[in-house]
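The next block holds one structure in the form of structure tokens; read it before the comments.
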Amino acid sequence: MSLNWRQYLAIIFAAGVFGAIAISFISVSLPKIEVEPDRLTGYPTWHGAFKGYDSLKNDSMLTFVGAIMFVVSVIGLKLVLNPPTKPSQFYTGDDNQETISGVPTIGFNRLIVIYMLATFMSAVALIFFDIGKLFAVIAVSHNALEIAMLLLIGGGGRIKGVSFFVWLVIYVESVALIYIFNDFPIDALVFKVQGLTFDFALVIEFVRIYITTINHLRDAGKVKIPSNSEEIVDNDKTRKSLSAIFNQHPKQLIFLILASIIHVFGNLWSTIFITSAIANLIFGASYAIAFPIYILYLYVDIRASSVISQKRIYLPSTPAWKAIVIAIYSLSLALLTIRLGFIILAE
């Protein structure tokens, strides 16, 4: 891997940011939390008593999230099992690869639905086991699907080779064993660092996809970017509709960005304010809001594929050095979030 000075500088700067955040943990002692037992099993959880906790509100939120995840999973399955005959296509965001064939986005869309199903299983586990070891060994599938989406994006829309599945299985089993064999709070910290890192990475990648696609289509003269004051209306021009606005390719990608931001916000907020019952409810609400937005993306992307001539979605080129930089920044943001949580916890 031959790098120029700018690329070396980008890696060094990212490493410096990571180092500064990591050094801030030197003076921090692991929090001493009197963990609460799970109401069903009696096993210790990964949290103490929540300030302002209301069991009715908590159980209502958990039930609501579980119901929402079930519904969106069913809708998602219906959408991806009946794809359009001419689906939208992924292209690598490299000007030298304009002539290659695209990769149908249906593979990515199906991966999102599997992600929803894994999250539904995690929501059910949370209802019965609360946040702890039993929950984590099931919820690892949620993180594994986030890794799969990141690798698919980095692989130009393709999952390359059987080795991908082998490494994914190794990841799931290794992480599950880490949760099982380590005591609190190490197991909880490993779980939280992973979750936040992958959540931040998805936001970064979805933003990169949107920017890359917009730039390529603008350069090719294939998309018109409306001004802030311009309104898009339906054919009779008497009413505005969500589908009319977002069927203007590639605006459906905004749904991916919005869903990932809401998801990471809930995770971030509950990490910083770890003892707050309200933050815990916000965490649940973020799932109930984010995943229906993923469904909107699937619906609009599949619908747009059948009604528009332009179906290209450009994936950003991600050489090894850039993947390293993204990984470092994502991990740094995760550690910064946890560091802020320690500060709040110490007050």
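Note: Cβ is positioned from N, Cα and C throughout, glycine not excepted.
The transmembrane segment feature in TrEMBL is assigned to 7-30 (among others).
The feature transmembrane segment is assigned by TrEMBL to 61-81 (among others).
Residues or ranges marked as transmembrane segment by TrEMBL: 111-129 (among others).
What TrEMBL records for 135-154 (among others) is transmembrane segment. Sequence-distant neighbours of the transmembrane segment (135-154) (same chain, 6+ residues past either end, Cβ-Cβ under 8 Å): 107-108, 111-112, 114-115, 118-119, 121-122, 125-126, 129, 164, 168, 171-172, 175-176, 179-180, 187, 191, 194-195, 198-199, 201-202, 205, 209, 315, 318, 323.
Summarising the annotation, TrEMBL assigns transmembrane segment to 161-181 (among others).
Taken from TrEMBL, the feature transmembrane segment applies to 193-211 (among others).
Sequence annotations record features per position, and here TrEMBL assigns transmembrane segment to 253-272 (among others). Below 8 angstroms of C-beta separation, residues 192, 195-196, 199-200, 202-203, 206-207, 209-210, 213, 246, 279-280, 282-287, 289-291, 293-294, 296-297, 300, 313, 337-338, 340-341, 344 of the same chain, each at least six residues beyond the ends of the transmembrane segment (253-272), sit close to that stretch.
Per TrEMBL, transmembrane segment is recorded for 278-300 (among others).
Residues 1, 3, 7, 10-11, 14-15, 17-18, 21-22, 24-25, 28, 31, 154, 189, 192-193, 195-198, 200-201, 204-205, 268, 271-275 of the same chain sit 6 or more residues outside the transmembrane segment (321-346) yet have a Cβ under 8 Å from a Cβ within it. The transmembrane segment feature in TrEMBL is assigned to 321-346 (among others).
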Same-chain residues at least 6 beyond the ends of the transmembrane segment (111-129) whose Cβ lies under 8 Å from its Cβ atoms: 38, 40-41, 43, 62-63, 65-66, 69-70, 72-73, 76-77, 79-80, 135, 138-139, 141-142, 144-146, 148-149, 152, 287, 291, 294-295, 297-298
Distal contacts, the transmembrane segment (161-181) - CB-CB under 8 A, six or more residues away: 133, 136-137, 140-141, 143-144, 147-148, 151, 187, 190-191, 194
Intrachain residues whose Cβ lies under 8 Å of the transmembrane segment (193-211), provided they are six or more past its termini: 142-143, 146-147, 149-150, 153-154, 175, 250, 253-254, 256-257, 260-261, 263-264, 267-268, 271, 313-316, 326-327, 329-331, 333-335, 337-338
